[in-house]
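Note sheet for the following structure.
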Amino acid sequence: MSALRQRPVPTRGRGGDLRAQPPPPPPMQEFYNIIPVHDLQDDHPSLRYPEVRAVAAALLRPVMNLPTPPFVTLAPNMDLMNWLGVSFGFQHDNVRNQRENLVLHLANSQMRLQPPPVNPDELDRGVLQSFRKKLLNNYTSWCSFLRVKSHVHLPTRRGNSYDPTRELLYVSLYLLIWGEAANLRFCPELISYIYHHMAMELTKFLEQPIDEFTGRPFVPSISGDCAFLKCIVMPFYQTIKTEVEGSRNGTAPHSAWRNYDDINEYFWSRRCFKTLKWPINYGCNFFDTVPKFERVGKTGFVEQRSFWNVFRSFDRLWILLILFLQASVIVAWSGKKYPWDALREKDIRVELLTVFITWAGLRFWQSVLDAGTQYSLVSKQTVWLGIRMVLKSMAALTWIVVFAVFYARIWIQKNDDRRWSAAANQRIYTFLKAVCVYVIPELLSLLFFVIPWVRNWIEGLDWMIISWLTWWFHTRIFVGRGLREGLVDNIRYSLFWIVVLLWKFLFSYFLQIQPLVAPTKALLNLSRVRVQYNWHEFFGSSNRIAVGLLWMPVVLIYFIDLQIWYSVFSSFVGAAIGLFSHLGEIRNMEQLRLRFQFFASAMQFNLMPEDQLLTPKATLVKKLREAIHRLQLRYGLGQPYKKIESSQVEATRFALIWNEIIITLREEDLISDREVELMELPPNCWNIRVIRWPCLLLCNELLLALSQAEELADAPDMWLWVKICKNEYGRCSVIEAYDSIKHVLLTIIKYGTEEYSIVSKLFEEIDLCVQNGKLTATFKMTVLQKIHAKLVSLVDLLVKQKNELSQAVNLLQALYELCIREFPKMKKSIYMLMEEGLAPKNMAADEGLLFENAINIPDAEDADFYKQLRRLHTILTSKDSMNNVPLNLEARRRIAFFSNSLFMNMPRAPNVEKMMAFSVLTPYYDEDVLYKKGMLQDENEDGISTLFYLQKIYEDEWRNFIERMHREGMDDEDDIWREKLRDLRLWASYRGQTLSRTVRGMMYYYRALQMLSFLDAASEMDIRMGTQEIASHHSLNRNRGAIGGAKLPAAKKFNRAVSGVSLLFKGHEYGFALMKFTYVVTCQLYGRQKAKGESHAEEILFLMKNNEALRVAYVDEVELGRDEVEYFSVLVKYDQKLQREVEIYRIRLPGPLKLGEGKPENQNHAIIFTRGDALQTIDMNQDNFFEETLKMRNLLEEFKTNHGIRKPTILGVRENVFTGSVSSLAWFMSAQETSFVTLGQRVLANPLKVRMHYGHPDVFDRFWFLTRGGISKASRVINISEDIFAGFNCTLRGGNVTHHEYIQVGKGRDVGLNQIAMFEAKVASGNGEQVLSRDVYRLGHRLDFFRMLSFYYSSVGYYFNTMMVVLTVYTFLWGRLYLSLSGVEQHAKDQSISNEALGTILNQQFIIQLGLFTALPMVVENTLEHGFLPAIWDFLKMQLQLASFFFTFSMGTRTHFFGRTILHGGAKYRATGRGFVVEHKSFAENYRLYARSHFVKAIELGVILAVYASYSPLAKDSFVYIAMTISSWFVVVSWIMSPFVFNPSGFDWLKTVYDFDDFMNWIWCRGGALAEANKSWEIWWYEEQDHLRTTGLWGKLLEIILDLRFFFFQYGVVYQLGIANHSTSVGVYLLSWIYMIVAVGIYVVIAYAQDKYGAKKHIYYRVVQLVVIILVILVIVLLLELTPLKFIDLVTSLMAFIPTGWGMISIAQVVRPFLQSTVVWETVVSLARLPCRQESCSMMHLAEVCRFLALFPAKSQLNNVKSCSAFQMMKLLALLRKEQSLKLGSRMEWIWTNNGNDSLTHALFRHQMKDKWLSLQVPAEDYDAHDLNLLYLLTLFICNSGSKSSSNETIGKDGKVYEMMRVEDQSEAYMLLNNDMNSLHSTLDIPSKSRRLRLFQLVQHLHKENADYT
């Protein structure tokens, strides 16, 4: 091997010969990642654990006893990993990385052992064996599948000695191979192949056999620096890269190149051993070293673009539907009312036997499709595959013949005998015997379905005999075996589908098929009457075409309505499961208040670990005890709070957790400082005897108790106490108030004084009375109200810290008098009081007043005292229920969900030490990390900045943020841009979809683990003393600021680092947290961003600096010169000691990272840096919540539990969409998404057992997946929806996916229509590619029938059926158009044929289009979690905000991209941009996005509806026409209007005008070589045709066939013209083409004249135009005079010829390669531009509609922003803020002061003025910033019109506006305005004259009709 150039990194030099030179020494300073494994003497918290030292010691076994690799000297400090590295040529950093990976995993596993190992300082054998079996499980299965012997040879155990060396070597070898395999990690069986041979070499190297050829001991075939990468990885990588390059960026057919799956599946057969061999034969036909035609082709499966893939993959479903349809038609055709009546007839029963002929025919078609799509798989090595294809077709054809012959013989015999004779019956029996033979495979399948474990066992066997027996049914593949579920699960999902299918078939028979039979018979009978067709009929007069068109929509609905019934039944099943899971039991703060007393015990039960038993498995008694305890908690049985109250440690532990949650909410600015005090649980101080519940729970309880005491003043104590104790909060509030008052009084009164003694004695007497039950007998309960009032005054005085001692003395004296004189029932003399110590003994006059010299009020620095005092004040004074605490809705939702989740079933939490370790992985490319200052400040066209928008959307959170900033030292809010810019950027970024928000959320795991680790190990003393320290710290933070008007120094920041429990940490918490949690953000471009000095790099560094556990992985590109580049996977962290970023690992890659799809490749390169047993995948638009991270260790325990017959491999987690409040569209999307990620996935996981991985935030079994291809697939285009393929792969390989809803993770969604449309396009395209994929095909065939149904209708079936819905609309309308234009409809009406079939066709269509089956899951889930009435109200609000428009529009998006992807391809990643959408989108931009997907299709449907309305006899009845077409018109309107309805300021008149100008400029721009689609229509038009250039032959043919429909308009309409004179000759149609020829000719002539004369001889061009116009008019006049042509025919003919022209253009686009080089193509391009011009005219009409709609205030509901009036107020406030620099007069200020909460329109035009405003047709609530400026100017005018002198300063030079008001001549006034107001206009940004004219008109109206107003 040649030497490599040294790259410019001084500490990582590489070079030298692979054999001759030892690897370079490691750098002097190596930075560790989590544990310094290389230095066990380091004082790191993790190294204190014996398990870590045990594993490290096992690896550090002396390697001197191992064979020495050639040319290498073994160092004494080498471990086993180093030895493997130098022996097989692994990279040094790869060795370091996998060493830590192995040490961490084994140490964590040994920590979890129960009971603990006898010797914790030694690696436990069971731990290592368990890990080895799990890690090598896939390899072992692969060896068994290929029937080759595993090369993992472990020594037999001798006695009690155990040497883990060899086992560690085998495990380490696999990890090292995987860690350096780069893109090969997507090919797990390829890695198994490599490991198989390297393990063989390792075994031989260890055993040192003598080579028979060299006579020397065996040495590995590869060794040296980077030898593994260069000799093994790079050849395979280069082959994959060559194949990807052959895909032409994914545009080539999938069948033309090999993807990752093809490369991997080559190793599913033993031919890989013969071809590749070992050492690898690089010249074999597998690699790209041979020409492509000699290379191995597709393996295992060929992806072909065809809609038939839906039938191929799910043939059992389609066979069922088709056979039932056939049987239903046969039975219904008999005319009987009920099917069982028809089945009594033997003829019908025999006719039903034809379903078996159809069945055989479908099997034959299936075999033909298999052969037609997979023929390229047949080769010399796979000849048996070709034989099977032929034999299956022949067998199916044979069965068709057999069934047909036997069936024919039945009827022949019956007809001969003219009855059902014995011979005929015998032939029926013969047919049935053949049927029995035919269905034997199905019966076997049914048998194995009933006993699934038998099938799983058989499929798990790799015996040759099993392969022979199953050869006929399917290809033997490595995946897809043993997929059957347990019997219980089988029964559950089978019952679900049996009910659904039964309902569907009953509905279809009685409401779809049977009603169509009578109209069908009537239509067929019309042929006897001889229908008079309006055109030339080519196919006779049998009306079969009409019958087919009548049946087609019904058949389509029949095929798709199972999707509807699945949605309906799954909604109710999901709701039932949710109810049994106890979802939605706590929906709000009111319900939490009722159950908070049990909430404390629930938190203790679920979040705190139980005492660990010696046996790890739960016994039945233990499970029963836990179930009973959960029942008590859930339903309030018993008094669990008594237990908490008796155990101060448990109560304090609960308080610590609860308070940490509240602190987190405060840090996020969701709650205010005041709300923190109301919600937190204070420490148990002041000797209070009860739990100190949050103040919001104790509100009004004390006052209620006082009123009860007054009512029961004379009752026994017990009665009163029982009544108070009915409410636990009442009991606690009374006791806490009493104890607190006692403590306060004894605190403010000096100790040792006589007054102190009196007060103490008084409380002793009261305590004695309470103890003896004589309180009501001794004291007057009616006086308590007076005492309460004085106490309130005293506490209020103390809280305000006024230091008015005299007032305090007066209040204490008043209290003393009340308690001594009025409170006791028995009056006592002064001497009695003195004897009892209740009065001063010395009553001398010179002693002064009582308490005068005995008060000592604590200093203001005693923050804890005043904090508790404020709590007491709240308890004493609160009268309301505090249901609005917290005020923030998100805080309420989070608290409610968290509290509810603790009453749900979840595994018990282990100690942090015993929990499973896990990592979080987030892929990041180039999105926002932090919002920049400019982005926050920059204003859009309406004067609204992002920050201003956020301030209004999150108004309460902004107030809380400002409050926090003031607490941290900010003096004035205006200083925030200077002093707190970073905090401001963070605050804004935490409300967007940014990386910083995601990092903050995920780092809550680290914080939670630290806290839980402390609580697990903390002693009783630690907890008790710690709470006091936390309380004093927080009180100091919140009290520093303005105390008594004095400004104190800024407090220490109230941040994560020093808040809450973290103050009490002892050090071990950091070690545990680091060992259990790792967060890796894979910032692919970080290296490039650092090199360029981009702000993203600085912001990422900031995140690392502030988050200790955060690691960043990126790809570094090192240029070596001569265009050579080396690529490295690099992991970095921020070193807190060195205060800089440090590089941890640098592992060289074989080449560029991205070969397939970018996101999975990005994840794949960084997955080697993750740690732990589990891996959570988090996208960059997600968030997390601290309280939810507390439940992560509970969730990870699910991996240990069987769910069904398997343990889970993916734990599905619930998501909360946090973008729902941003806009109405975001709300719709959020509701739809929420129903899927909750109810939908709940049902898929249980009972249907087909939940896949739908993205994030699922938790993967890390080691299970890393050996099976990773957490996603990355093949170009086919895996564009990369996430779901992880679920497919998991299911096919025998994994288990579950779903858990007691924990949630936040997720953002797109918020604007264009963003949502691009997202829907990406997902729909991805589903289109899934239809073609091998994974879907295999799942469709390997899953049992009912799971296959679940999988189909929850994945690709949903999109296919959505497309079928739109296709149903098309077929219905085209069918009606055919019937009306042909004359069949008129004839049927004349014959009085019932039109009842219309109801059959339309009975579901409108429901589907309204999105009801999409809305039902939303309503059901909303009902479950929020209540029925709120759910209904939300649904109604959605409909009022036109949610149905949105869902119908989305249906069109999905249909277009799903269908186009299957037919032509073109799937690609579409960056939606996750920002806030408040800006107006131009019509040109919307047109580019929606022209092909919505506008063109809507126009086509509209033309059909218009033509049908013109010529249908049924359309004359308005009700019938509306009933037939309302759903279709709804589709047309929603597809056209939605981009305007959901566009901010979509109906603004001036924006519409500007949009029109922009659109026309875009159309006429021809572009150039560098032009972009958004600048030129022509460039965009070419880009829209790209999919036609890359599609295959069948795609082009089908496209042409579909385009031929446009010619039907001409054929149908020309016969209706007057010039046709009722002729039905074919010549009429042929002559009509003369019109097309003439029209094109005229256009060509004019175009030619324009090109030749338009520039220099313009007069010639005009002459040509004049001649053409004269000739056209002359011809029209002649035709009108000499023929029956009517003038209306000229208009009608447009309906005929425009669609024909469109069809011709569409076909020309398909055959563009043949036309582009000819002169015809230029004509085609010019003609194609005409429809856009016509659409621009339509745009003008639409603009008029916009102008009309703009007049109505109700229009504002159509805006994108959810609260449209609020959005307009934002515009108004933005203007005011922008214009603050202008000096407003006092009258102007008065207007705004008095109308600050009102609209500007109302402020200006109250009373009589308002109607004048409307008369100007200016929108009252939808104006842009310029319009607001006009209004502003008018306001200035009104305020200053009374005085010229006052207006000089405000409205311009010389007060010209005032003068203009008196000018009667409009032109003169306009001139005055135009000339003399330029400075003011420029100031107010009013650029256009039209706006100034508008201002003039407003002023004129003010002057003429309201002159006296001002």
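From the backbone N, Cα and C atoms, a Cβ is placed for every residue, glycine too.
Among the residue ranges 732-751, 1692-1711, 1732-1751, the one that TrEMBL annotates as transmembrane segment is 1692-1711. In TrEMBL, the annotation transmembrane segment applies to 538-559, one of the ranges 538-559, 1594-1615. Beyond the transmembrane segment (348-365), the same-chain residues lying 6 or more positions past its ends with a Cβ under 8 Å from any Cβ of the stretch are 311, 315, 318-319, 322-323, 326-327, 330-331, 334, 342, 393, 396-397, 399-400, 403-404, 407, 410-411, 414, 428, 431, 435, 438. Within the chain carrying the transmembrane segment (495-518), a Cβ under 8 angstroms from the stretch's Cβ atoms is held by residues 324-325, 328-329, 331-333, 335, 339, 550-551, 554, 557-558, 561-562, 565-566, 569, 573, 1247-1248, 1346, 1349-1350, 1394, 1396-1397, 1399-1400, 1403, all 6 or more beyond its ends. Beyond the ends of the transmembrane segment (1626-1647), by six or more residues, the same chain brings 535-536, 1610-1611, 1614-1615, 1620, 1664-1665, 1668, 1672, 1693, 1696-1697, 1700-1701, 1723, 1726-1727 to within a C-beta distance below 8 angstroms of the stretch. Across the domain '1,3-beta-glucan synthase component FKS1-like' (165-281), DSSP classifies residues as 77 helix, 2 strand, 38 coil.
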